[in-house]
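According to TrEMBL:
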type   : residues : note
DOMAIN : 56-368   : domain 'Glycoside hydrolase 35 catalytic'
DOMAIN : 428-526  : domain 'Beta-galactosidase 1-like first all-beta'
DOMAIN : 550-609  : domain 'Beta-galactosidase galactose-binding'
């Protein structure tokens, strides 16, 4: 075990590390967080930063081991960032790693959002206050099991788009994004007095490897905008041979000790005697709808972490805390079959989805404590949980009745995919559902290229679904002109692998008896907060005995005392989305494995809380709450 595991100037000194020069572009951040007590001498001592010297990392002139953990700010309520990072510090880790999701920060071309839960600077500065260094992974592609790997869907409006290449349409967009992002990042670098000690160049590009000029372009794009800390790449065993870039330290991603030996040997052949780092040691795995909940035994995790450090390698735990795919941000995978990821990003990580301790946490804390050389800070108390009284929805509005309160439909001769709809200031639709309507006059076989899942209606009667496997459906006998409707859901764009073809909705023509249909009315149902503001209370009806689906259900959750975290259980409901006080908690689906939705107490108010459920097909009578999550049937990862 390395006796000098931590830098002599320990990360706890970051509490007083930063000094801002007069006129600095970070003055707004400084004023907001009141860094008036920070001293100039500590800043002046920062000259060299993190260096890869021979087989060791060095921070200034001291040997440094990176003991990192991944937490994604966009998957954790802002009010809980400090709690999760204090738990990281108390586990004996010294470095936070996080991705930066382009698609969330630039939802429309040229319109940027770094507010609230997307306040990257506040997240990084919170880490600094707690005494953690930061490795930033700004992409532009991040994978991360997020929709399109974190790339904005409006890129796909270009029919010739070639993502993750030097195709001009892509690099122009990346340049604009980096022009806005990097001025926020540069002042947070180590050499500017901040906690960022390293920056990753793209992500696992060796597995994609479409353009040999792309990674040098990304490296230069970072450097040209003031990134001067150590640059890293990160690749798994499928991409390590193709992912290396001149002047950038290669790191590896893995889960097993077998891969550690194999990849460490290969890493030596690529870059010689350089510091070794496992950028992603996978502490668990993500789940997909219709599958099982993946589990990696805590004893296996401890053995592998110990082996990695015994091998002289630094390490980052991916994930330390996974959090939640709130809203519609989850990605998907499509190898043989298309499978979208569940709402929970629990990942069987070191902390649970709700930030609670696990056996992995306790064992890893003992391990890192044994090599830290100093006592670890005490872990914070777990946040309280409450099983609230069940909610019985009192009001209801069918989707068909709700249409008249929505923006006027788009009229189009042919179907238009989500990304190319003339909505959101010309940026198309990124997430949610799209409803396509047209008129038919005969029965027969309906065929369409639906992405990802389309519920087909004759007038308001559901006759089945079209998806990747079911590409045809029989239209029953009808009389006269009849409205054909297809409600298409973007279940999540693929985040790893082939991503250029991830347009959603109806792709191309839809055919009835091999004849293309025309004259469509198209509704964009993105279900943002503004979507529900169109429904005044007077428009809701009492829940009937036999509701017409799809439908919105409205109820009230009463919270008497200070709100606590809880988990929603929708037993008897089939598939849909839940909104609490306008916050989109994400999707539920009775095919599992996930059986509950995490509801952060910080999103609840003392008193009455609005609960809206959009259900596609079958509603239960109540919405239940429990203190513990139910992640469904489990499978141990080998």
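Including glycine, each Cβ sits where the backbone N, Cα and C put it.
TrEMBL annotations: computationally assigned, not manually curated.
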Q: Tally the residues of the domain 'Beta-galactosidase 1-like first all-beta' (428-526) by DSSP class, grouping H, G and I as helix, E and B as strand, and everything else as coil.
A: 0 helix, 51 strand, 48 coil
(Q) Let's see if you can do this one: DSSP helix, strand and coil counts over the domain 'Beta-galactosidase galactose-binding' (550-609), in that order. (A) 3 helix, 34 strand, 23 coil
Q) How does the model score the domain 'Beta-galactosidase 1-like first all-beta' (428-526) in terms of mean pLDDT? A) 97
